[in-house]
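Heads up: the structure comes next, in structure tokens.
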Amino acid sequence: MPPHCQPHCVLLLLSTFLSLGLGLEFTGSEGQWARYLRWDASTRSDLSFQFKTAISDALVLYFDDGGYCDFLLLSIEDAKLKLRFSVDCAETTITSDKMVNDSHWHFATISRHNLRTVLALDGDSKVDEVRPQRQFMKIVSDLYLGGVPQDIRTSALTLPAAKEMPPFKGIITDLGYGNKVPTRLGSQKVRLEMEGFCTENPCENGGSCSMADGEAYCDCSKTGYTGRYCNEAVNKTPGFAHMVKSPQAREENVATFRGSEYFCYDLSQNPIQSSSDEITLSFKTWQRNGLILHTGKSADYVNLALKDGAVSLVINLGSGAFEAIVEPVNGKFNDNAWHDIKVTRNLRQHSGIGHAMVNKLHCLVTISVDGILTTTGYTQEDYTMLGSDDFFYVGGSPSTADLPGSPVSNNFMGCLKEVVYKNNDIRLELSRLARIADPKMKLQGDIVFKCENVPTLDPISFETAESFLGLPKWNTKRVGSISFDFRTSEPNGLILFTQGKPQDKKDSRSQRSNKVDFFAVELLDGHLYLLLDMGSGTIKVKATQNKVNDGVWHHVDIQRDGRSGIISVNSRRTPFTASGENEILDLEGNLYLGGLPDNRADLILPTELWTAMLNYGYVGCIRDLFIDGRSKDIRQIAEAQNVGGIKSSCSKVTAKQCDSNSCKNNGICKEGWNRFICDCTGTGYWDRTCEREASILSYDGSMYMKVVMPTIIHTEAEDVSLRFMSQRAFGLLMAATSRESADTLRLELDSGRVKLIVNLGKGPETLYAGQKVNDNDWHSVRVTRRGKNIKLMVDDDVAEGQMNGDHTRLEFSNVETGILTERRFASTAPSNFIGHLQGLKFNGLLYIDMCKNGDIEFCELNARFGMRSIVADPVTFKTKGSYLGLATLQAYSTMHLFFQFKTTSGDGFILFNSGDGNDFIAVELVKGYIHYVFNLGNGPSLLKGNSDSPLNDNQWHNVVITRDASNTHTLKVDAKSVSQVVNGAKNLDLKGDLFVAGLGPNMYQNLPKLVVPREGFQGCLASMDLNGRLPDLINDALFRSGQIERGCEGPSTTCQEDSCANMGVCIQQWENFTCDCSMTSYSGTQCNDPGATYIFGKGGGLIMYTWPNNERPSTRTDRLAVGFSTTIKDGILVRIDSAPRLGDYIMLHIEEGKVCVTFNIGTVDISVKEMTTEVNDGKYHVVRFTRNGGNATLQVDNWPINEHFPSGNSDIERFQMANKKIPFKYTRPVEDWLHEKDRQLTIFNTQATISIGGNDRKRPYQGQLSGLYYNGLKVLNMAAEGHTNIKINGSVRLVGDVPTSRSPSRTTTSMPPEMSTTFIETTTTLSTTTTRKQRSPPTIQTTDDIVSSAECSSDDEDLEECDGGHTGGELVIPVLVEDPIDIPPISTRVPFIPLPPTLHPVLTIIETTKESLSIATEAGVPCFSDQGRDDCDDDDGDDDDGDGLVISGFGSGEVFDSSLPPTDDEDFYTTFSLVTDKILTTSTYEGGYKALAPKWEEKDFKPKKPSEVGRITAIPPLPDLRSSAASPVRPEPAPKIPAGKMNNREVKPQPDIVLLPLPTSFDMDGTKPKGPYITQPMLRTIPSALPTVPGIRRVPPGASEVIRESSSTTGMVVGIVSAAALCILILLYAMYKYRNRDEGSYQVDETRNYISNSAQNNGTVVKDKQPSTKGASNKRPKDKDKEYYV
């Protein structure tokens, strides 16, 4: 007898039937209820019961927390169960799908699990959860069934509506709290269901049950048995006689099976031999699969099972199996209802074609379920006898998967009743024999002989890829089985994995020698795979043809016997056979379900298991896990292990998860299983929603990061992704390398492309992707390898390939970045990387972030975290005579050069290498701009960097020079690049040494054409990359000369006297300084850019800022500053008011032309006034006001400070001052309050509004306001940005763009120079043009603009009147008259705001029309570079811009195209490309160039209509063309301005220039003339300029006196004629130069002198010799440099 059938002592306690809980019958009467002891559902607990009813609406169950928040209500609404509950006032509802008003029994369960609650009805579960602050439910009341007592106060109910709900009508039974029966405390209008004792009949052998006096009695009269329960036989006969019963004695015996129980009847003593037989039984279960009954072995057996909710029958009588499947019409048989099965087999005569005998005997097999569903068939051939001498298994077996013909591998779970086998000779009542413990019946497990509820094996959901369960060891050696159901929509995931002990531990560092047995099931790309290794090699079996990640349940059944086995997925069977001869699967470790733990030190993962290598955990549902036929309650295991990310239910959310746009920072959202999956590759972020910024590593060529693996890793699949930023064309990004082999997976930069090298030991495979990725921008790289297939993606560029050979395994022990350290097996080593790396992810592991956070210990690192400025191996050349030599530059076919430099010198050689013939390459610095000169045999060519400003600003700059296979040369300086395609020769033949930073003796005299510098480079060079070679400038030098040192300290950046302009305050910081410009009205890093500027027109305007009610400040001190320009005598500039009825205010206004501030802080009006000088002179002034309590100061520009101090200091004097304004009845309360609070009337209370413009006070201001600052608020900036708290009304117009006001307390950040509005007027020096061939045409604005003074001088009709009543007029071009006045050679840019049109004659805007331009062009006006080609053609055949006058200025704030690229020409810093020897010093604000002209008064003629504001050119007089004169202003260059903020050039002094209101020179000596005295020819109808005050005035530093003089008509005509004649001469000269130019190269003026920049930066360590200021100012310009201004 097998050991599994050893006898077990089973005691049947008949009293068990009497312990059944009584059912309750609810009649539906008003006031009915049943009350049970409180159910503790606060955190985790289950409640279950059975019920049946016929009504559609009723209260079933209720409890709460006594009237506060928490409650649980189960009711029937619309014939469906509805669960409504609340935790901490967070409420939700669950409704079942099934109707329950069918008078059938239903089983309901309520499961509480912290915030999650599950409602299960007949096996179908619905789940929901709430998210309150409290994590548990409070329960105070008892549990009420069927209704709520009416005497309970409504206020004591959390849900008072429960009292009004219809009462329940029906029966509720088997109420249980978990495994316990609750105590019933009382009931009303509810009766016990007395028949409940007989529901499970305790009478055996067909006895009938009846109730009397509350007890059950059995009627045994018709059974042939006696005893209380009809269990005592009257007589017994040998053999099977005691089992044969009369037809009337219908036995009804039941047993409960839970997956591990079964019983078997031993047939060895009485074998079965029958030709006809019958099997009957009843079953009730929730389970989908399970063995019901089996007898026989080998090829002679009967198997009855439940398979996927259907009944399966397999009969084999020796020659082949007869199989039948019975399925219900609707639903499944696993519905926890009783179903009856009957199987019969009878001998029948069967005739058919092909049979030798016509009437041959066959067995007719019939199976029926519930007496309705019937399937009939015949067994094969003539085997008619069933012979069995084995066992009769009921409910299961020791190894169900090994039973012959078994379609399932797990045992039955549920109830089996009246299992009977009978044939012609015997009747085996198997259920009864088990219950009475017949000696031949052997029981396995704890079998209960009554039908108990066996809950279904609840599914669990793995919600994250990191969640997993650890199950006990799978004890399988030779045979075993595993079955489960899974459901997911995700394509990848590890479902099962377990392994054995290592067979060999000779080398713990290598996986190769640690061979272990393992078993795994994985989902890969939607297909299911079985992996098995029994010691002789791994097999990988694909078990599906179609993808199974479709979101529906799939059943998997795996059965193994020795080396062979079958995996079945949804009944599709796939056989497999393990390698080798071994038949033992030796497993020792845990069986992991859903994934693997983070700590895998004890795991030896097979390379063939790709999901483990790639860290793909399973996300989805698992249910019905059976191991060797025994169920595993994985829900209970999950709760016991308390694993995060696992939920004890399974439901699919119908809504798309990506609809919520949950992936931040441009992450790509993908649909997962009840989750969204964010692909953060290429975003620079990581984490679940791409919200966590990935760490950045900065590499300077000597830095690296190396992750050393604890063991040698072998993989067949890799996922690698990273981001990088670099200006280098070569360098190692990452490499997986091995210490033991040549295996590698390497990503590197190669000639500006990304190169992937994969070597698996049989030679490298190479892929390229991306183009010109060395652009100092972020690029994302992704590598995917699956076996032999590899894919490389760089941004949107994709390259795919396939590995050659049979090798698919990659061996590596390191992951390296920056520098390749494992070079033993590398044939060539890549260049070291210089740049930034971010987001390196290798097979799911973020190595950079793990290294930073200390999550891995085996990380070698010297690269620096953070986005750091990379300066690699800097070297300082301390003198212009210092230089060194390197080996010849290898750049024959292509070239990629990179270096960084930092200098204060404007000129010098950087690189030079000569070659064969005329070939050479030179990189030089000319006037602060990079020049790249080369000759490939076609003649010299030049590329000039187009930087915004000179580069000798003591800042690091990056230079990239490339030449590709198409002979396209590119020069990139910082972020700006220029390119040129050169035809002809493509190879660069270089020989000799590469000179760095200078040339050797006597080499400057023999330089090629277009090479300019005649001296060496003085400054710092770093990060030199010569076509992938990273030289050490010191150690690799072939020779050196002069003072050369490592490192680069550079000039200091400490605060100097002139660090901040316009009285800005210099703030010293650790490595730099910043300027506080808050009280200057200026902005920018040096306080020399204008602030936000508004023009208030004659109609009056108002800008109103209102504080939010809850943010109104009260201050003891105030600071106010604003710049303005006006001619009015009275008006309010700014007024700050307190809340209504308080009366506090501060008002800045003009009275009688003088600035005054009046304020009141609760006493009397206090005024501070500038009494000496009027400010309504049309000039730009800055007024500063400060208050501290009652003390106040007022200062205009840098004039003397006006101060005010209170006359009284005591509280009484202050109160007496305030008493004059306090009503009599409030005097005493106020006095008491003042004494109590010790408040001395120094607080400006509850400030509510800031009013600008005075229009609300009937004292409108007219003019310009700029850079208003008040207590940290830049109100005008805020207005320009459209702040929500600011309202603008009336005639108010914004001028141009403004700096941001987002950081009102900091004014140290300025816009780029091209966005500055500092330059007001522009000056143009008329000179010849030297053009250079083969340059790209400049991108310029092509509007057709010309001066037309006969129209309105502004486009704002609200600001001025325009009357065209006057006719006539003439175009005036004032001729500049040289004046020998001593003028300082340095001036600064001046902020300007156009003045209102109603003032006295001051500078204003000249406008143009397209028509006027056409007239001018036809009249032969010189062409300007900002005109289009259609209207501007100099007919010289080249694409230069001509040599016309360019007159430009600043005007009305009209928005123009700002995309005009500035040139890098030595003397020309505007958008007119490659034009030399011109000076156009201007603001490129918004790309618009505007000019200024006098404003006509009423007595003069006025234009008729407005036109567009445009650019201005000078033309000869035209008939009937009305005109006006423009007063030019030339800003003076600034002395010693910190790096990069101004054009640091020496500008020749030009006399007769009008300087607008406030210059920004900071020469503190006010006795020196601050600029030239100006004469300006005007129209005779315009009066003289405003007179100036005699004597020496207190003027701002650097200010210029403006003197306007009337000119006669004769002088004006002379000027016009002179200008016209000069223009014609210039045009002829330009045509001559063009016709005689050198066709093979650019024209070069060899006689030009390149003067070093004299405006050095603050604190430079090495400075050029400064030219004499005095000499420069006294020298008269030559006649050929006459200048014309409009």
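Every residue, even glycine, has its Cβ placed from backbone N, Cα and C.
Range annotated as region 'Disordered' by Swiss-Prot, chosen from 736-780, 781-825, 1276-1320, 1501-1545: 1501-1545. Per Swiss-Prot, Cys1020 makes its disulfide bond with Cys1048 among Cys1048, Cys1055. For Cys1066, the partner cysteine in a disulfide bond according to Swiss-Prot, taken from Cys1055, Cys1077, is Cys1055. The local packing around Cys218 (disulfide bond), expressed as other Cβ atoms within 10 Å of its Cβ over all shown chains, amounts to 24. In this model, the domain 'Laminin G-like 5' (876-1048) carries an average pLDDT of 90. Among the disulfide-bonded residues Cys230, Cys663, Cys1060, the ones whose Cα is located within 10 Å of the Cα of Cys1087 (disulfide bond) are Cys1060. According to DSSP, the secondary structure content of the domain 'EGF-like 2' (654-691) in residues is 4 helix, 10 strand, 24 coil.
For the domain 'Laminin G-like 2' (254-451), the most Cβ-contacting stretch among 24-198, 458-650, 696-859, 1092-1292 is 458-650 (pairs under 8 Å). When the Cα atoms are compared, Cys451 (disulfide bond) and Cys663 (disulfide bond) turn out to be 52 Å apart. In space, Cys680 is the closest of the recorded positions Cys203, Asp300, Cys415, Cys650, Cys680 to Cys1075 (disulfide bond), judged by Cα positions. Listed disulfide-bonded residues near Cys230 (disulfide bond): Cys218 (candidates Cys218, Cys650, Cys680, Cys1048, Cys1055, Cys1066; Cα-Cα distance within 10 Å). Looking only at the disulfide-bonded residues Cys218, Cys415, Cys621, Cys663, Cys1055, the one with its C-alpha closest to Cys690 (disulfide bond) is Cys663. Within 10 Å (C-alpha to C-alpha) of Cys680 (disulfide bond) lie the following disulfide-bonded residues from Cys415, Cys669, Cys1077: Cys669. Among the disulfide-bonded residues Cys203, Cys621, Cys669, Cys1055, Cys1077, the ones whose Cα sits within 10 Å of the Cα of Cys220 (disulfide bond) are Cys203.
Cys220 (disulfide bond) carries neither a helix nor a strand DSSP state and counts as coil.
Looking only at the disulfide-bonded residues Cys415, Cys1020, Cys1048, the one with its C-alpha closest to Cys218 (disulfide bond) is Cys415. In the three-state DSSP classification, Cys650 (disulfide bond) falls within coil. In the three-state DSSP scheme, Asp300 (Ca(2+) binding site) falls into the strand class. Asp300 (Ca(2+) binding site) sits 27 Å from Cys415 (disulfide bond), taking the C-alpha atoms as the reference points.
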